[in-house]
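*Asks:* I'd like to ask some things about the structure below.
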Amino acid sequence: MSQQIKLLVGLANPGPEYAKTRHNAGAWVVEELARVHNVTLKNEPKFFGLTGRIMVHGEDLRLLIPTTFMNLSGKAVAALAKFYQIKPEEIMVAHDELDLPPGIGKFKKGGGHGGHNGLKDIISKQGNNKEFYRLRLGIGHPGHKDKVAGYVLGKAPAKEQECIEAVVDESVRSLDILLKDGLPKAQNRLHTFKAE
């Protein structure tokens, strides 16, 4: 059974100084999907982000990279979702995930924010509705919680970056399966992938 996702959000901090930091991994999925579909993301002030629209299996899929800072991502998601009447369960949010190693990606529906400020704000701005989908992109963990802020805002070493980019590419392919054949099949594909 196909899965109706109408909005894919890639979480990021704005500005060139953050573009290649681990915290922006979610945005790389949206950028890659736009590139594959030959779509240019445009700045939309009313949606507080970069937006685009693609067709996947005959259905509209809106793309959004908030240009607010990470902890205000919910403002952009809420504005676009309200305008296009998109329900929380029709949204997928791609984000960096400390609890997975680089090169691993996982799809998930619902759940908490796991300390991720972008997810926290989206949940809050959706009236505490947590039922949106997540695409969790592993970036690894620095080993101690006091090091997390510097770690997520830092750039990954070349080998780790290659692994993250490989799972971004695989996520785009798996997302196509999710939209056509549903979540379990997409999970089967993505969850068995490991970039080395």
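Glycine too: its Cβ is placed from the backbone N, Cα and C atoms.
In case it helps, Swiss-Prot gives these features for our protein:
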- Asn13: site 'Discriminates between blocked and unblocked aminoacyl-tRNA' (SITE)
- Tyr18, Phe69, Asn71, Asn117: tRNA binding site (BINDING)
- His23: active site, proton acceptor (ACT_SITE)
- Asp96: site 'Stabilizes the basic form of H active site to accept a proton' (SITE)
*Asks:* For the tRNA site made of Tyr18, Phe69, Asn71, Asn117, how many Å separate the two farthest Cα atoms?
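*Replies:* About 16 Å separates the two most distant Cα atoms.
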*Asks:* Could you state the CA-to-CA distance between Asp96 (site 'Stabilizes the basic form of H active site to accept a proton') and Tyr18 (tRNA binding site) to the nearest Å?
*Replies:* 13
*Asks:* What is the total of other Cβ atoms whose distance to the Cβ of His23 (active site, proton acceptor) is within 10 Å?
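*Replies:* Total other Cβ atoms inside 10 Å, all chains included: 22.
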*Asks:* Which number gives the other C-beta atoms within 10 angstroms of the C-beta of Tyr18 (tRNA binding site), all protein chains shown included?
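*Replies:* Counting Cβ neighbours of Tyr18 (tRNA binding site) within 10 Å gives 17.
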*Asks:* Look up Asn13 (site 'Discriminates between blocked and unblocked aminoacyl-tRNA') in the DSSP assignment and report helix, strand or coil.
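*Replies:* The three-state answer is coil.
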*Asks:* Work through the recorded positions one by one (His23, Phe69, Asn71, Asn117) and name whichever has its CA nearest to the CA of Asn13 (site 'Discriminates between blocked and unblocked aminoacyl-tRNA').
*Replies:* Phe69
*Asks:* Any idea which of the recorded positions Asn13, Asn71, Asn117 has the thinnest Cβ neighbourhood at 10 Å?
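*Replies:* Relative to the other recorded positions in Asn13, Asn71, Asn117, Asn71 has the fewest Cβ atoms within 10 Å.
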*Asks:* Secondary structure at Tyr18 (tRNA binding site) (DSSP, helix/strand/coil)?
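*Replies:* Looking at the DSSP assignment, Tyr18 (tRNA binding site) belongs to neither helix nor strand, so coil.
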*Asks:* Counting every protein chain present, what is the number of Cβ atoms, excluding its own, within 10 Å of the Cβ of Phe69 (tRNA binding site)?
*Replies:* 15
*Asks:* Asp96 (site 'Stabilizes the basic form of H active site to accept a proton') has how many other Cβ neighbours within 10 Å of its own Cβ?
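*Replies:* I count 25 other Cβ atoms within 10 Å of it.
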*Asks:* Relative to the mean position of the Cβ atoms of Tyr18, Phe69, Asn71, Asn117, the recorded tRNA site, which additional same-chain residues have Cβ within 8 Å?
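*Replies:* The surrounding set, listed in chain order, is Asn13, His23, Thr68, Met70, Leu72, Ser73, Gly118.
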*Asks:* Based on DSSP, name the secondary structure state of Phe69 (tRNA binding site): helix, strand or coil.
*Replies:* coil
*Asks:* Give the distance between the Cα atoms of Asn71 (tRNA binding site) and the residue listed as 'active site, proton acceptor', rounded to the nearest whole Å.
*Replies:* 12
